[in-house]
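Each remark here refers to the structure printed beneath this line.
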Amino acid sequence: MEREDGAPGAGFPCSPAAASRPARSPAKFTAGPAGAAAMAAVSSYESLVHAVAGAVGSVTAMTVFFPLDTARLRLQVDEKRKSKTTHTVLLEIIKEEGLLAPYRGWFPVISSLCCSNFVYFYTFNSLRALWVKGQHSTTGKDLVLGFVAGVVNVLLTTPLWVVNTRLKLQGAKFRNEDIVPTNYKGIVDAFHQIIRDEGVLALWNGTFPSLLLVFNPAIQFMFYEGFKRKLLKTRLQLTSLDAFVIGAVAKAVATTITYPMQTVQSILRFGRHRLNPENRTLGSLKNVLYLLRQRVRRFGLVGLYKGLEAKLLQTVLTAALMFLVYEKLTAATFTVMGLKHSQKH
């Protein structure tokens, strides 16, 4: 989930259906009940199924809509690009850099996204099994668990996102002469060069805004639950179309609110601008505020939202497809497991 994105990649910490049903009880052990139950929750097959389904869903969705993310990233990082719409930027990229250029950096992005969503879904569902313990979950608990899972995800996967951001932009034709070009031969070489030339902490560039962006799924879930409660006053249950529409609107609201921080996050992860050379602690609050001020000074408040069109288009479509795959995969897996379980017992 980015994705942002804190990105990941980001969407609901669990499906609407999963949010409303009780969490399954972890397996029981005879020795050390509390510790054993905790270990069972963390290592349960249900958490693993949610994690794998979330990862597969995100990879599928991002692959389909990857060119939109390419356009969004160019608009965020290349400040002097005159084209402001998604389709014109994509046409320029194809014309100047080749037909496959919109998919440049696909593998590192997909690898990072897969790991990020696996960590997020696994952490969320494991903690949920520990805290809820067979009870019905609440919006407040889901928000807290989503925030904690987001923090764990950011701390563990930020180095992957720093590397994939640079690989995705490598070879791009920028209008901004302040950008220093890179020459990485692959993921491993990128890690090696960054650590050698900039230090190991450079792999966590953009961590501060990423931690702030953990609020993105929290805001999304808050709006989703609010819309859901209003609709359920007039009907017994949500239709698939209801869930899709309010999920899309909630994601659009969350993305719009947090987009300026997503722009700063992308610039810090890229880390190749000749800006603010006296302060190289790129993840600090000082640099975040510096980049926000620079953006406003050069382009006005509108500059904070450059690339928002592409981001909204990519985010809403990607989230919708991701949850479609996620729901179908988890449902099918649990059905198969249920059949096998009944046959054994």
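Glycine residues also receive a Cβ, built from the backbone N, Cα and C atoms like all the rest.
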Key: Annotated stretch (transmembrane segment, per TrEMBL) among the listed ranges 17-39, 201-223   = 201-223
Message = Considering only Cβ pairs within less than 8 angstroms, which of the stretches 48-68, 105-123, 143-163, 201-223 has the most against the transmembrane segment (243-261)?
response = 201-223
Note = DSSP tally for the repeat 'Solcar' (45-130), helix/strand/coil in that order, comes to 72 helix, 0 strand, 14 coil
Remark   = Per DSSP, the repeat 'Solcar' (137-230) contains 70 helix, 1 strand, 23 coil
Task = Report, as numbers and ranges, which residues of the same chain sit near the transmembrane segment (105-123): CB under 8 Å and 6 or more residues beyond its ends.
result = 1-3, 7-9, 13-14, 47-48, 50-55, 57-59, 62-63, 66, 69-70, 148-150, 152-153, 156-157, 160-161, 163-164, 167-170, 187
